[in-house]
Ligand SMILES: CSC[C@H]1O[C@H](OP(=O)(O)O)[C@H](O)[C@@H]1O
């Protein structure tokens, strides 16, 4: 059933209506629900970089809206000169974060639209780009509902599902990818529950997944990342479902740091490890995961929570924001076009 776009009960982190954009500042959850107004491509790029908005599909949507702001503000009557400036501004958005391929996927889609319509006036190009950004925004939730429908049959009744990071409504245009499978399993009548890794250092699990699921009345238990192995050992986890930021052509998965650790633990305990992602997160241009850029973020995310220091001043820090899970540890990849497992090279290519 198509969701009602104005149903306030459904979590959507980005609002794009009549050329206006608001984004839920996810840095302030769960304590504050603050919506920020955006009206320039530079500010949207900063929102992506600073993780006001985060999550691969949500980053793609924000980038598309940012690209429209970029086009709207170009003051040029020549379509070709307009397009050259538009490409330069899209490059600013593309540089905001490196790992989630949805960012470049959305920007390339916007630029392809413009390039295919250079015979139009600049005004017509601007109008068309707004509709393209709106389409990218509105398509995402329906894609996630399809992912949920394909994934739900994999989830047994009473399943206790471990999640890592947030691949829910807050990471997308609504409904979520990994959490979309959870929502669909519940809608199918399965009494599933979630065990959410807090996901240090940005705490997307404790701050976002726990908030999102509690708000929707979905059973959720929060654990520290270092507890997952113990719960698996105790038989308290029945399956794992995570999202993805980029999937290479061979099925290697880049996702939030700690995902690889969970995948290794799941394999050790013979627990299914599922990845839920839209086709826009699959990058067939990369033969394997070694080619996926891994973002290194500010060490302050590790040494501080807000202004509170968690480590001695000046301590050396590493802060890779993602890691790579080899395809051999992935039980199946759940997409809006179906479920792929085993021969990922063939299976992923057949999705397109
Ligand atoms: C549905 S994609 C969510 C994906 O994005 C997250 O990363 P970040 O919060 O840094 O944008 C994480 O890897 C999630 O699995």
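Just so it is clear, glycine is given a Cβ too, placed from its N, Cα and C backbone atoms.
When other Cβ atoms within 10 Å of the Cβ of residue 245 (active site, proton donor) are tallied across all protein chains shown, the result is 32. In the three-state DSSP scheme, residue 245 (active site, proton donor) falls into the coil class. Taken from TrEMBL, the feature active site, proton donor covers 245.
The annotation substrate binding site is assigned in TrEMBL to 54, 55, 56, 97, 204, 255, 256. Shown in sequence order, 26, 48, 171, 202, 204 are the residues of the chain, 6+ apart in sequence, with a C-beta less than 8 angstroms from the C-beta of residue 54 (substrate binding site).
All protein chains shown were included, and the count of other CB atoms within 10 Å of the CB of residue 165 (site 'Transition state stabilizer') stands at 29. The site 'Transition state stabilizer' annotation in TrEMBL covers 165.
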> In terms of Cα spacing, which of the recorded positions 55, 97, 165 are within 10 angstroms of residue 245 (active site, proton donor)?
Replying inline: 55
>> Same chain only, sequence gap of 6 or more: which residues have a CB within under 8 Å of the CB of residue 255 (substrate binding site)?
In response: 164, 165, 242, 243, 244, 245, 275, 322, 323, 325
> Which are the residues of the chain, 54, 55, 56, 97, 204, 255, 256 excluded, whose CB is within 8 A of where the CB atoms of the substrate site average out, their centroid?
Replying inline: 59, 99, 100, 165, 166, 167, 171, 243, 245, 321, 322
> By the DSSP assignment reduced to helix, strand and coil, which category contains residue 204 (substrate binding site)?
Replying inline: helix
> In the structure shown, which of the binding-site residues 97, 256 has the fewest Cβ neighbours within 10 Å?
Replying inline: 97
> Max Cα-Cα distance in Å among 54, 55, 56, 97, 204, 255, 256, the residues listed as binding substrate?
Replying inline: 17
> Once the chains shown are all counted, how many other Cβ atoms turn up within 10 Å of the Cβ of residue 56 (substrate binding site)?
Replying inline: 29
